Each structure stands twice: as structure tokens, then as C-alpha cells.
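> Take this structure first; my questions come after.
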Amino acid sequence: MDAFKTHLAIVASGAPLSREQARAAFDDLLSGEVTPIQAGAFLTALSVRGESEDEIVGAVSAMRARMLPVAAPEGAIDIVGTGGDHSGSYNVSTLAAILTAACGVPVAKHGNRAATSRSGAADVLAALGVKIGLPPEALARCLSEAGLCFMFAQTHHGAMRHVAPVRTELPFRTIFNMLGPLSNPAGVTAQVFGVSRPAWAEPLTRVLATLGSRRVWTVHGSDGLDEITTTGPTAVVALEDGAFRHFTLDPREVSLPLATLDDLRGGDPEHNAAALGAVLEGARNAYRDIAVLNAGAGLVVAGAAGSLAEGVARAQEAIDSGAARGTLARLVAVSNA
């Protein structure tokens, strides 16, 4: 492991790794050939200095090379966030994914159990009856028959087991909190990507572009949410076929009322599942508003809506027509078949 020690020494000195060096270092980390002390020192030094774009690209490349892939139809997207906003909000991206799929855009959702919240995507979907941890063939069938699948990160990124104990011991977030959301097993090239730190928005959008994404909205709410928020404005860095654009969204621009963080605060998986089901049954509340806003963005990124207002209107109709309820029912049925 002389090469890893060399890379560790570079990072410990405060200097950045090249993309190729980062790829090699993360190949070593994910192969289980690095001692816990070396891994902890490496991740700590990276976190203290801050990861460069080349380091993130190299690390994601190592992750993607080891992941269990899923075959997805052309035009599939993901709606995902880095987590870590400590808001305890409802499962916004999960409901937004259901609404987007109900509008005819295939969604290959990638996620995990709760880390800093009480209910992650895997937790709430399991509470809704969706079978979690399916193999790639079953996930492809979910996409084909329901227009939506949920790829459980632990199933697709088995190499993460080599660094999991070290991550648990460290009292801060590491680069791996970014790598999961950046490593979609279906290889989607369009994403609504939420970040909990505003400083991550532009560099992670460039990282996604480097890795092959074509259309991305990287979003950060003014309240700290890693979603498009309804409590105020949201900063967006958009990637559209190689061009970058910065703008701010306000929910009132698409006729949605302002909410408070308390309005968006959820609970445990059963509580959040009940709230999600209530929205699909027609409840009009802050959870519905923030979900249709994020689904509207998903439709824009997918090229299925010409504007955010059009996307929001289509997401509203997916609820009111019962299409979204049907999408979830099909996902439950197909995942358990």
C-alpha cells in the first residue's frame, strides 16, 4: 500500500490529488486494502481541507466502477439530495419522484435509510409497502411497469462496507456523503440534485457535467433544505447541454404559497408514509406544495415541461387525476411480485 501512503501524505500536506491519484486512492479504499487508521486519516485530511472537483470526480469514478448497475430506459432521471440538512422534513424527493413518474418520466431513484433524519427514502418506501433491496432485474421491471424504481444504496455499493466502520467513528460528514448521490446505478444523465451546503452547488454541478450528465438542476433552499423549498427562495445552478446558468426560484412565482419549516417537518417512517399517502389521496397542504414544486423541476430537467409553472401544473394534475396514486400502487405490486 505504498501508493496509498503516498496519496495520504499528499492530502495530509494540504495539497490536492489529481483526478488520477484520487481514483487510485479510492480504488484502494473501496477494495478493503487500507487500514482503518489510514482511511480515517485520509478522510479527515480531505474534509479539513475541502475536496477539490478533480478529487470528487476521481472518487466517483472509483465508486461507479464497483457499483451494481441497473438497466434504465432512455430519459430516466433521479431526484436526490446529499442529505445532512438536519431539517427533519417530510420525504420530499420521494414524493416528487412518484409525481414525476406519474407524468410519464421514468425515475430511477437512488437512496438509503435515514442518516441525519428520522426517515430516509428507503424507510418511508418500506413503510408504504415497497420491497427494498431488489436485484437489478427486478428494478428494471419496476421501471418498465411502474415507471419508477428505488435502488437501495447498500445493495448497489457493496464496496462501501470497507469504509463504513471508519465513517461511523468519525464525528463529521466525509466525501462519501457526496459520492452516493453522485453514483446513480442506473447511469441517469438528468438530475434534480439537492445540496445542503450552498458552496457545493456549483462545483458538484461541474462534477456531474464532467461525469456525463447533460441536464441538471442543483438546488439549495435559503432555509438550508437540500430541496427546492417553499419557505423562501432557492438558488439553482442549472446545467443544460453543456451550458451553466444561475438563477433563483420563488414558489410564489408558480402560484404556491410560502410555508414555514414547521409546516414541512415530518416524523418517523410511518408518520411520513401516512402523510405521503394523504397527499396522494388529495390532501392540500405544505407537503403537497413542496412536492409538486420539486416534481415540476424534475419534469423540466427531463425535457417533459417547457417551464417550471407547466411542470408544477402537470404534477398537480397527476395527484388530482389519481395517476400518482396508481404509480405508487404499481410500484408496490411489482416490487413484491
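Glycine residues also receive a Cβ, built from the backbone N, Cα and C atoms like all the rest.
Here Swiss-Prot flags GLY81, ASN112 as anthranilate 1 binding site. Annotated 5-phospho-alpha-D-ribose 1-diphosphate binding site per Swiss-Prot: GLY81, 84-85, SER89, 91-94, 109-117, ALA121, in sequence order. The Mg(2+) 1 binding site annotation in Swiss-Prot covers SER93, GLU227, and the record cites sequence analysis as its basis. Residues or ranges marked as anthranilate 2 binding site by Swiss-Prot on the basis of sequence analysis: ARG167. Swiss-Prot lists ASP226, GLU227 with the feature Mg(2+) 2 binding site.
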> Ten-angstrom check, please: count other Cβ atoms within 10 Å of the Cβ of SER93 (5-phospho-alpha-D-ribose 1-diphosphate binding site), all chains counted.
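Counting Cβ neighbours of SER93 (5-phospho-alpha-D-ribose 1-diphosphate binding site) within 10 Å gives 28.
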> I'm trying to understand the geometry here, so how far is the Cα atom of ASN112 (anthranilate 1 binding site) from the Cα atom of GLU227 (Mg(2+) 1 binding site), in Å to the nearest whole number?
17
> What is the nearest of the binding-site residues GLY81, ARG167, GLU227 to SER89 (5-phospho-alpha-D-ribose 1-diphosphate binding site), using the Cα of each?
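Minimum Cα distance from SER89 (5-phospho-alpha-D-ribose 1-diphosphate binding site) across GLY81, ARG167, GLU227 lands on GLU227.
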> Of all the binding-site residues here, HIS110, ARG113, ARG167, which one's CB has the most other CB atoms within 10 A?
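Ranked by Cβ atoms within 10 Å, first place goes to HIS110.
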> Do you know offhand how many angstrom separate GLU227 (Mg(2+) 1 binding site) and GLY81 (anthranilate 1 binding site) by C-alpha?
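The separation of the Cα atoms works out to 7 Å.
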> List the residues of the same chain that sit at least 6 positions away from GLY81 (anthranilate 1 binding site) in sequence and have their Cβ under 8 Å from its Cβ, in sequence order, or write 'none'.
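Correct list: SER93, PRO181, PHE193, GLY194, VAL195, SER196, ASP226, GLU227.
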> Please report how many Å separate the Cα atom of ARG113 (5-phospho-alpha-D-ribose 1-diphosphate binding site) from that of the residue listed as 'anthranilate 2 binding site', as a whole number.
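So the alpha carbons of ARG113 (5-phospho-alpha-D-ribose 1-diphosphate binding site) and the residue listed as 'anthranilate 2 binding site' sit roughly 15 Å from each other.
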> Taking the binding-site residues one at a time (ASP226, GLU227), which has its Cβ surrounded by the most other Cβ atoms within 10 Å?
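By the 10 Å Cβ neighbour count, GLU227 comes out on top.
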> Would you find the one among the binding-site residues SER89, ASN112 whose Cβ has the most company, meaning other Cβ atoms within 10 Å?
SER89
> Hey, does DSSP put SER93 (5-phospho-alpha-D-ribose 1-diphosphate binding site) in a helix, a strand, or just coil?
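Where SER93 (5-phospho-alpha-D-ribose 1-diphosphate binding site) sits, the three-state DSSP reduction gives helix.
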> Pop the Cα-Cα gap between HIS110 (5-phospho-alpha-D-ribose 1-diphosphate binding site) and the residue listed as 'anthranilate 2 binding site' into the table, whole Å please.
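Pair distance, Cα basis, whole Å: 20 Å.
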> Quick one: what's DSSP say for ASP226 (Mg(2+) 2 binding site), helix, strand or coil?
coil
> According to DSSP, which kind of secondary structure is the residue listed as 'anthranilate 2 binding site' found in, if we only use helix, strand and coil?
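Helix, per DSSP.
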